[in-house]
Amino acid sequence: MALGNGSTTTTTNGGVTQEKAPVVNGTNMETLARTGKQADPNTAFLRAARAGHLDKIQEYLDSGTVRDINTSNANGLNALHLAAKDGHLEVVQDLLKRGAIVDAATKKGNTALHIASLAGQEEVVRLLIHHGASINVQSQNGFTPLYMAAQENHDGCVKYLLSKGGNQTLATEDGFTPLAVAMQQGHDKVVTVLLENDTRGKVRLPALHIAAKKDDVKAAALLLQNDHNPDVTSKSGFTPLHIAAHYGNDKVASLLHDKGADVNYTAKHSITPLHVASKWGKINMVSLLVAKGANIQAKTRDGLTPLHCAARSGHDQVVDMLLENGAPMHAKTKNGLAPLHMAAQGEHVDAARILLYHGAP
């Protein structure tokens, strides 16, 4: 049976022919009779986007059935948002070519890039950024796409967002950064990526070295928990303990020692963590390293002991501590210089006085 300019369809079910409700001008008459109103084409359009039905989307737009490509539902989700969430790359591409607003936001302030990052849709993330999506845009709660990717452990998305200028210092309204949420969730791969891409540092260091530099015990513990080598070296040959010694970060140094770090590890030119701590006057680290068994007589390639390093830099408190713990005051460098010579060359009167008090020649 036909109605107006509509048509009917039939199906066969177990040999029994059934007549379906007629369709008039694209409207299912059964739906119209049941609801009293015509199905909303915008809703159908959004459903097609979510399902990834490119042909249906094109049909809605080409026929003019849907006039606004950026139409959205009650939550502010539009076709681009829905397609991005489920990784429908071709749909996203077609919508963008047809003029979909790349940075259109939902009622919560989330853009398609937020949504794709949260879902780990890396190819969609790349496409959106290629079309000019704002990388560091924040939602109403302060979430960035980078934060969302970090929260869900999508390390590939995190790497790409960082490479395109993602700012990991931007925090949510609760004060959480991408690194903080990754640590809270135990996402060690993402933590590693974020630490190693810390743009504030000029020198790129391994993740554990960055944690040691920041005295970030939580990050270091997370990395070490996953069989991370406590004596991993940087390109210059220094371990995380060398870095902790340089900055006087005794909390993370204690953790590194507890996890098996070698207190006498010799880096380039035979430099130990104790040499580093002594040179920079980090008395708390010197005390810790000596207590943990650091070799107080260790010599660098040039014959410098930790006492030489402290005396040359004028760190009189460190000089005194090393001497109290048996540092060799008679030791000489390859050039024949004793610690007292070092103190004198630098005009470090107090350091020289302490050495003389202890009987330095």
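Any Cβ shown, glycine's included, is placed from N, Cα and C.
The compositional bias 'Low complexity' annotation in TrEMBL covers 1-17.
For 1-20, the entry in TrEMBL reads region 'Disordered'.
Sequence-distant contacts of the repeat 'ANK' (75-107), counting only residues of its own chain at least 6 positions beyond either end whose CB sits under 8 Å from a CB of the stretch, comprise 45-46, 48-50, 52-54, 57-58, 61, 69, 113, 115-116, 118-119, 121, 123-124, 127-128, 131-134, 137, 139. The feature repeat 'ANK' is assigned by TrEMBL to 75-107 (among others).
Residues or ranges marked as repeat 'ANK' in TrEMBL: 108-140 (among others). The list of residues near the repeat 'ANK' (108-140) in space but at least 6 beyond its ends in sequence, with Cβ under 8 angstroms from a Cβ of it, reads 75-76, 80-81, 84-87, 89, 92-93, 96, 102, 146, 148-149, 151-152, 154, 156-157, 160-161, 164-167, 170.
If you average pLDDT over the repeat 'ANK' (141-173) in this model, you get 96. Here TrEMBL flags 141-173 (among others) as repeat 'ANK'.
Here the repeat 'ANK' (174-197) is broken down by DSSP into helix, strand and coil counts: 17 helix, 0 strand, 7 coil. The repeat 'ANK' annotation in TrEMBL covers 174-197 (among others).
TrEMBL lists 236-268 (among others) with the feature repeat 'ANK'.
Distant neighbours of the repeat 'ANK' (269-301): 238-239, 241-242, 244-250, 253-254, 257, 263, 307, 309-310, 312-313, 315, 317-318, 321-322, 325-328, 331; these residues of the same chain sit at least 6 beyond its ends, with a Cβ under 8 Å from one of its Cβ atoms. The repeat 'ANK' annotation in TrEMBL covers 269-301 (among others).
TrEMBL lists 302-334 (among others) with the feature repeat 'ANK'. Outside the repeat 'ANK' (302-334) by six or more residues, the chain places 269, 272, 274-275, 277-283, 286-287, 290, 296, 340, 342-343, 345-346, 348, 350-355, 358-361 with a CB less than 8 A from a CB of the stretch.
Counting residues per DSSP class in helix, strand and coil order gives 16 helix, 0 strand, 11 coil for the repeat 'ANK' (335-361). Residues or ranges marked as repeat 'ANK' by TrEMBL: 335-361 (among others).
Residues 141-142, 144, 146-147, 149-151, 153-155, 158-159, 162, 168, 204-207, 210-211, 218-219, 222-223, 225-226 of the same chain, all 6+ positions outside the repeat 'ANK' (174-197), place their C-beta atoms under 8 angstroms from a C-beta of that stretch.
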